Amino acid sequence: MEIDAGLTAWMLVSASFVLLMTPGLALFYGGMVRGKSVLNMMMMSFGAMGLVGVIYILWGWSMSYGSQSVGGFFANPFEQFGLGGGGVFAEDGSAVVADGLPIIVDVGFQATFAIITVALISGAIADRAKFGTWMVFSGLWVTFAFFPMAHMVWGGGLLSDEGPFASIATPVDFAGGTVVHINAGMAALVLALVVGKRKGFGREPMRPHNLPLVMLGAALLWFGWFGFNAGSAYGADGLAGLAWVNTSTAASAGILGWLMTEKLRDGHATSLGAASGVVAGLVAITPAAGALSPVGAAVLGLVAGAVSALAVGLKYRFGYDDSLDVVGVHLVAGLVGTLLIGLLATDGGLLYGGSVNLLVVQALIALVAVALSGAVTLVIALALKATMGWRISEDAEVGGIDLAVHREGAYETIGGRVVDSRTSLAPSPAPAGASAPAVAERTTTEVK
Amino acid sequence: MTKLVTGIIQPHRLDDVKSALEAFGVRGMTVSEASGYGRQRGHTEVYRGAEYTVDLVPKVRIEVLVADEDAASVTKVIVGAAQTGKIGDGKVWVVPVEDVARVRTGEHGIDAL
């Protein structure tokens with residue numbers, strides 16, 4: 001089949017955009033934690049980039065988009081293991097092309113979605129989780145929660161237009177409201193509950209240590225989201241253009257919705273609110289980017305910004321430490337976007353002369369996503385709690401997870417010196433042990 | 001003998017205080033960022049709906065070593081230049097200093113100023 005050069009070029013660019021979102025997320029999250037844990041926060045994103053990026057080409061693609069579906073839940077992970085099996089490359093080694101696009105380009109595009117979805121969850125467990133446990137969780141969760149959801153919604157599985165709900169109305173998830181945001185948001189809620197609260201949650205101030213980083217991260221997310229949503233049009237065409245405009249409009253309206261809510265409730269429009277509003281608007285438009293008019297996108301963004309601004313307070317009321325509001329932003333705005341498609345879709349939405357069927361189907365796929373993600377995450381999280389354990393020691397948490405787990409600090413402190421005598425020009429005045437008791441005492445009690 | 005004059009002032013008054021001290025003839029000083037509160041107390045900040053009281057507000061600490069007879073005048077200069085008349089303007093105090101040494105030369109006392 002002929003390669004469509006315009007489409008292929010756009011998809012390669014889109015994949016690159018989406019990959020950039022994860023470092024953007026690392027900045028967005030990193031600025032929101034305290035200075036003593038910013039590196040760990042960012043490392044959870046980079047850890048996901050490392051592990052999921054490899055897993056995806058091994059069995060991720062095969063489980064999501066392989067042709068051997070297991071009950072519509074997931075596809076056979078071994079069919080195209082390592083991108084073999086003839087689905088991506090033909091026997092002569094040439095790239096298989098479908099609808100003008102080499103499949104290998106789609107592999108790259110889809111891998112970036114898996115990476116960011118896992119990274120999103122990390123915001124729920126800031127400051128306190130063992131890095132090793134997080135990494136194992138990442139591998140298990142992407143395998144048992146993400147790939148199945150991708151298969152069900154986009155790979156022709158249970159929640160797709162070939163699934164059982166399609167007889168009521170065709171479910172709409174343009175770029176990942178269920179697969180990415182409800183999935184990650186629900187996992188975040190479960191993980192926050194299993195891992196438990198940070199020491200001092202709700203009593204000690206845990207203010208964002210660097211809001212300019214948060215805003216830079218939000219800007220990169222916004223930029224990357226054009227690849228996420230407009231790329232999901234799978235065309236360099238008018239639908240991609242519509243998705244682009246809807247995406248940006250919803251982000252803009254998200255800022256307005258969040259800031260107006262804050263101004264009325266707290267008296268001030270904050271920079272953290274603006275950055276959060278961007279993300280809430282983008283999350284909500286993700287499932288809807290190709291199904292709404294730009295005016296509908298503005299309404300959706302506004303609602304998502306306002307509702308998420310209210311929802312981030314829930315964790316204090318119910319006492320779960322979803323540290324960076326993955327639930328309040330991704331789960332809630334993901335639900336808002338997925339459900340409001342039932343009202344605002346220009347084709348079949350209730351406000352556009354459609355029946356209630358689309359709304360019902362949207363509610364059903366949202367519910368299935370919540371239930372599946374919740375159940376799978378709970379099993380993985382509890383298994384890891386019983387085996388590896390989730391929490392670093394209390395001393396390490398109070399002293400800062402960056403130093404305890406990564407043996408690094410983000411910001412310069414005075415008093416360091418070179419230990420290796422081969423690289424040090426100054427003669428060492430005392431044996432190494434004599435001058436380092438303060439560090440040594442701390443570190444021996446930390447990592448257990 | 002020497003005295004140490006320490007002033008805690010509003011950060012935005014630093015330039016004026018520094019100029020006034022230089023005009024008076026003070027040749028050196030140490031300035032550091034400080035946090036604290038007096039009658040001013042702190043303020044509240046809200047992050048995603050979570051309200052925090054921030055007790056400690058940013059201040060600047062300015063330290064000047066002077067000869068005994070200059071201490072009162074230097075205090076007056078700092079107070080004059082730092083004053084806005086609002087709560088939170090800060091404090092200035094004077095303490096006796098037993099000895100001062102200039103690191104470069106090893107001079108002591110008044111000679112080291």
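Keep in mind that glycine also has a Cβ here, set from the backbone N, Cα and C atoms.
Unlike curated entries, TrEMBL annotations are predicted automatically.
The compositional bias 'Low complexity' feature in TrEMBL is assigned to A:431-440.
Here TrEMBL flags A:9-411 as domain 'Ammonium transporter AmtB-like'.
Taken from TrEMBL, the feature region 'Disordered' covers A:422-448.
Under the heading transmembrane segment, TrEMBL lists A:6-29 (among others).
Annotation source TrEMBL lists transmembrane segment at A:41-59 (among others).
What TrEMBL records for A:107-126 (among others) is transmembrane segment.
If you look up TrEMBL, you'll see A:133-154 (among others) marked as transmembrane segment.
Same-chain residues lying 6 or more positions outside the transmembrane segment (A:174-196) and placing a CB less than 8 Å from one of its CB atoms are 113, 116-118, 120-121, 123-125, 128-129, 137, 141, 145-146, 149-150, 153-154, 159, 228-229, 231-232, 243, 283-284, 286-291, 315, 320-323, 326-327, 329-335, 337-338, 365-366, 368-370, 373-374, 377-378, 381-382, 385, 390-391. The transmembrane segment annotation in TrEMBL covers A:174-196 (among others).
As annotated by TrEMBL, transmembrane segment applies to A:208-228 (among others).
Annotation comment: TrEMBL describes A:240-260 (among others) as transmembrane segment.
Taking Cβ pairs closer than 8 Å, the transmembrane segment (A:272-289) reaches residues 28, 32, 172-178, 180-181, 208, 211, 214-215, 217-219, 221-222, 225, 228-230, 232, 242-243, 246-247, 249-259, 262, 296-297, 300-301, 303-305, 307-309, 312, 325, 329-330, 332-334, 336-338, 340-341, 344-345 in its own chain, all 6 or more past its ends. If you look up TrEMBL, you'll see A:272-289 (among others) marked as transmembrane segment.
As annotated by TrEMBL, transmembrane segment applies to A:295-314 (among others).
The transmembrane segment annotation in TrEMBL covers A:326-346 (among others). Beyond the transmembrane segment (A:326-346), the same-chain residues lying 6 or more positions past its ends with a Cβ under 8 Å from any Cβ of the stretch are 120-121, 123-124, 172-173, 177-178, 180-182, 184-186, 188-189, 192, 276, 279-281, 283-288, 291-293, 296, 299-300, 303-304, 307-308, 311-315, 320, 352, 354, 356, 358-363, 365-366.
The transmembrane segment annotation in TrEMBL covers A:358-384 (among others). Beyond the ends of the transmembrane segment (A:358-384), by six or more residues, the same chain brings 133, 136-137, 140-141, 144-145, 148-149, 152-153, 158-159, 165, 168-173, 177-179, 182-184, 186-187, 189-191, 194-195, 335, 338-339, 341-343, 345, 348-350, 390 to within a C-beta distance below 8 angstroms of the stretch.
Counted over residue pairs 6 or more apart, the CB atoms of the transmembrane segment (A:133-154) and the transmembrane segment (A:41-59) come under 8 Å in at least three pairs, which marks the two as touching. Between the transmembrane segment (A:6-29) and the stretches A:41-59, A:208-228, A:240-260, the greatest number of Cβ pairs separated by less than 8 Å involves A:208-228. Across the domain 'Ammonium transporter AmtB-like' (A:9-411), mean pLDDT in this model comes to 96. Packing against the transmembrane segment (A:41-59) from elsewhere in the chain are residues 19, 22-23, 25-27, 29-30, 32-33, 77-78, 81-83, 107, 110-111, 114-116, 118-119, 122-123, 126-127, 129, 131, 134-135, 138-139, 142-143, 147, 406: each is 6 or more residues past its ends and has a CB under 8 Å from a CB in it.
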